[in-house]
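Trainee: Would you mind keeping the following structure in view while I ask a few things?
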Amino acid sequence: MFVRLARIPRITRHYRLGLFSTQPKPKPNEYLYYRNKHKSKMEAPIKRSSSAVSLVELEREPFKVTVIGSGNWGTTIAKVVAENTKANPQVFQERVDMWVFDENIDGTMLTEIINTKHQNVKYLPNIDLPENLVANPDLLKSVEGADILVFNIPHQFLPKIVDQLRGHVEPHVRAISCLKGFEVGKKGVQLLSTYITEELGIECGALSGANLAPEVAKEHWSETTVAYHIPKDYQGDGMDVDHKVLKLLFHRPYFHVSVIDDVAGISIAGALKNVVALGCGFVEGLGWGNNAAAAIQRVGLGEIIKFGQMFFPESRVETYYQESAGVADLITTCSGGRNVRVATHMAKTGKSAEDSEKELLNGQSAQGVITCKEVHEWLSTCEMIEEFPLFEAVYKIVYEDVPMHKLPEMIEELDDIVVAGQ
């Protein structure tokens, strides 16, 4: 039985953590969690079309959240998270630490600029950040006491970050990876969320979707997908992180969140779409038009699904079609973003991927450049390169200087050709 709370103009009265209190009337479109008086577990969220109190009753202290990473996507997610921790103090500690790889910007350290001017002038300029978002250049201090870690760094730096964190993160901590890519090593090809789980001994999910950081930062409406497995050591409703808590942490009126449990599916789609986007950038730079870009996306989607089913059979095909992290993210990434920009620049100038990144990305990287190499290494080990002609074609263009105009013949499916009269 749900308990309906009385609505009084300007002041909403409710019980929070067992104490009767009054709070200002909240903004519309927030989520309300009611605890059924006759059940111990927390009920599912009820979306209100009108103003409502966003209430989750915890039987523990509010969760402390730390974001690891401060690039344009890292800062954008930190902005989203800090807005939600401030709006939901009964669930989250208001302060959000954001670990920053500190840099000198015209004589002032980047962390100081973020904490005084509340803008990341290098990676997310002209976007105001919440004052409860605190930049911290010390990785270990930033995660001290954290209950939820949000990883959002270029994935090639993850092993170094994990090495520094090892032994400093408690087993009860939960994590979400916003990284795109794979870890290829002695254990084969691993999801980055799995790598974090195994190396740090904490449960880690993933966030991915059709999310170009500048658009999310400007609060233009978009969707995303969060995937998280409830771990075996789950402490129960009101005591631990679950799908409801994660939705409350990431959902904003301009950033709609779907929470599922297919971590593998959204991670694979999020990593491999960057490789496909390089292919789209090549044909754009060559001036081949929309038909060619559509062909690249068609082949790319097929190879993404095949890769998932072949190497991560726990992933679900419907995730690629139904979730923002699937085909929607593929379309968005192939329409713009770093990978397309870098590949287009390569096609127009003849410059390498490395030089193009340096010229265009202000110290950041196009993740597809690294991912296509990781995928090539794994497929070579498995002797399955021929099963993924687009992924291999992108690798050869980037790393072996194969001419881009050969792209169609490299991905052509010869077995499907029917020659008249034969």
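One is the number of the first residue shown, and numbering goes on along the chain from there.
Cβ atoms here come from the backbone N, Cα and C positions, even for glycine.
These figures come from a predicted structure and were not determined experimentally.
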Trainee: Among Gln235, Gln309, Gln367, find me the residue Swiss-Prot lists at the same NAD(+) site as Gly69, Ser70, Gly71, Asn72, Trp73, Gly74, Phe157, Lys180, Ala213, Arg338.
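Mentor: Same NAD(+) site in Swiss-Prot: Gln367.
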Trainee: Just counting, how many other CB atoms are there within 10 A of the CB of Lys273 (active site, proton acceptor)?
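Mentor: Taking all protein chains shown, Lys273 (active site, proton acceptor) has 32 Cβ neighbours within 10 Å.
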Trainee: Among all protein chains shown, how many Cβ atoms are found within 10 Å of the Cβ of Gly69 (NAD(+) binding site), not counting that one?
Mentor: 23
Trainee: From the Cα of Lys180 (substrate binding site) across to the Cα of Gly69 (NAD(+) binding site), what is the distance in angstrom?
Mentor: 13
Trainee: Does Gly71 (NAD(+) binding site) have same-chain partners at least 6 apart in sequence with Cβ under 8 Å from its own Cβ, and which are they?
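Mentor: Listed in sequence order, they are Tyr123, Asn152, Ile153, Pro154, Gln364.
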